[in-house]
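Enquirer: Below you will find the structure I want to go over with you.
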Amino acid sequence: MTNVFKGRHFLAEKDFTRAELEWLIDFSAHLKDLKKRNIPHRYLEGKNIALLFEKTSTRTRAAFTVASIDLGAHPEYLGANDIQLGKKESTEDTAKVLGRMFDGIEFRGFSQKMVEELAEFSGVPVWNGLTDAWHPTQMLADYLTVKENFGKLEGLTLVYCGDGRNNVANSLLVTGAILGVNVHIFSPKELFPEEEVVALAEGFAKESGARVLITDNADEAVKGADVLYTDVWVSMGEEDKFAERVALLKPYQVNMELVKKAENENLIFLHCLPAFHDTNTVYGKDVAEKFGVEEMEVTDEVFRSKYARHFDQAENRMHTIKAVMAATLGDPFVPRV
């Protein structure tokens, strides 16, 4: 059976065409519908999936696990203490071993080079569950959520608020540009995206007709926005920068004042989670005590408002990850896109 995705890796959004990403988003919606109606879709019957987690996760682990089981596969979780990537065994050797035992490999960790080496040497499809550079599975969930709310993607405006050089900002910028979505990064100059990432996005935007804007001006960034999106102020491994980030990013918090600047009652709010919108966590209490900040990247008011779609977005991680796994490892009929 013909399948143009068969055997391919999912490492970064830039490796896929607009038509391919749109197909994966639509296939995700189809699989979501099948699950809601309890219709089996076991594209990976009898397959074994390795889930490599150098970085911990709630949503990514849960999504890959449930998606694997729904597809008829067996997922095996290997955490940071279970794998020796680059420590006692090279990534190349680990990849060659796992590729002989598993049919597909998910990796969530720090280095993009590491996930690329797994892909190069394993001989099986490898899926990027997050690296410091890119977060491609998150993007499919994000843009599926946007499409569910607006019925389209092209011509919409998504504004990312906060740390403009993290993996989520990179991926939103490039994926949006590919899909014809206008992406604005609203960030302090010190945290603007890398020039290389902006140049890549601008190249795709030229083809799709999208607009790329990098600014520290709230009015310029947010007016006319369809989507406001934010992420944590400090990424994993950067905890020592907390005081600096709180001071730098407080003006970029998503609050009702910022929402009103968009002048769009149909606006939606997205967050890839976890979110620090109150003090109901150990982390939140600690930050409140040390820095006097009870709400960080988003206020509790916005987080619980009619605009919020982040729990739909979190659920969509499972459906979109399922689509990627089924398309690259299974046998759906996809002669062309």
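Using N, Cα and C of the backbone, Cβ positions are placed for all residues, glycine too.
Sharing the record's features from Swiss-Prot:
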BINDING   Ser57, Thr58, Arg59, Thr60, Gln84, Arg108, His135, Pro136, Thr137, Gln138, Cys272, Leu273, Arg317  carbamoyl phosphate binding site
BINDING   Asn167, Asp231, Ser235, Met236  L-ornithine binding site
Enquirer: Ranking the binding-site residues Arg59, Arg317 by other Cβ atoms within 10 Å, which is at the bottom?
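Expert: Ranked by other Cβ atoms within 10 Å, the binding-site residues Arg59, Arg317 bottom out at Arg59.
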Enquirer: Starting from each candidate's C-beta and looking 10 angstroms out, tell me which of the binding-site residues Ser57, Gln84, Thr137, Asn167, Ser235 has the most other C-beta atoms.
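Expert: By the 10 Å Cβ neighbour count, Thr137 comes out on top.
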Enquirer: Near Cys272 (carbamoyl phosphate binding site) in space, meaning Cα within 10 angstroms, which of the binding-site residues do we find among Asn167, Asp231, Ser235?
Expert: Asp231
Enquirer: Return the maximum Cα to Cα distance in Å (whole number) over the record's carbamoyl phosphate-binding residues: Ser57, Thr58, Arg59, Thr60, Gln84, Arg108, His135, Pro136, Thr137, Gln138, Cys272, Leu273, Arg317.
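Expert: Result: 28 Å between the two most distant Cα atoms.
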Enquirer: CB neighbours of Cys272 (carbamoyl phosphate binding site) within 10 A?
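Expert: I count 24 other Cβ atoms within 10 Å of it.
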Enquirer: According to DSSP, which kind of secondary structure is Gln84 (carbamoyl phosphate binding site) found in, if we only use helix, strand and coil?
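Expert: Its secondary structure by DSSP: coil.
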Enquirer: Starting from the Cβ of His135 (carbamoyl phosphate binding site), draw a 10 Å sphere and report how many other Cβ atoms land inside it.
Expert: 27
Enquirer: Other than its own, how many Cβ atoms are within 10 Å of the Cβ belonging to Asp231 (L-ornithine binding site)?
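Expert: The answer is 25 other Cβ atoms.
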Enquirer: Using DSSP reduced to three states, classify Asp231 (L-ornithine binding site) as helix, strand or coil.
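Expert: It is coil.
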Enquirer: Given the binding-site residues Asn167, Asp231, Ser235, state which is nearest to Thr137 (carbamoyl phosphate binding site) when distance is taken between Cα atoms.
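Expert: Closest recorded candidate to Thr137 (carbamoyl phosphate binding site) by Cα: Asn167.
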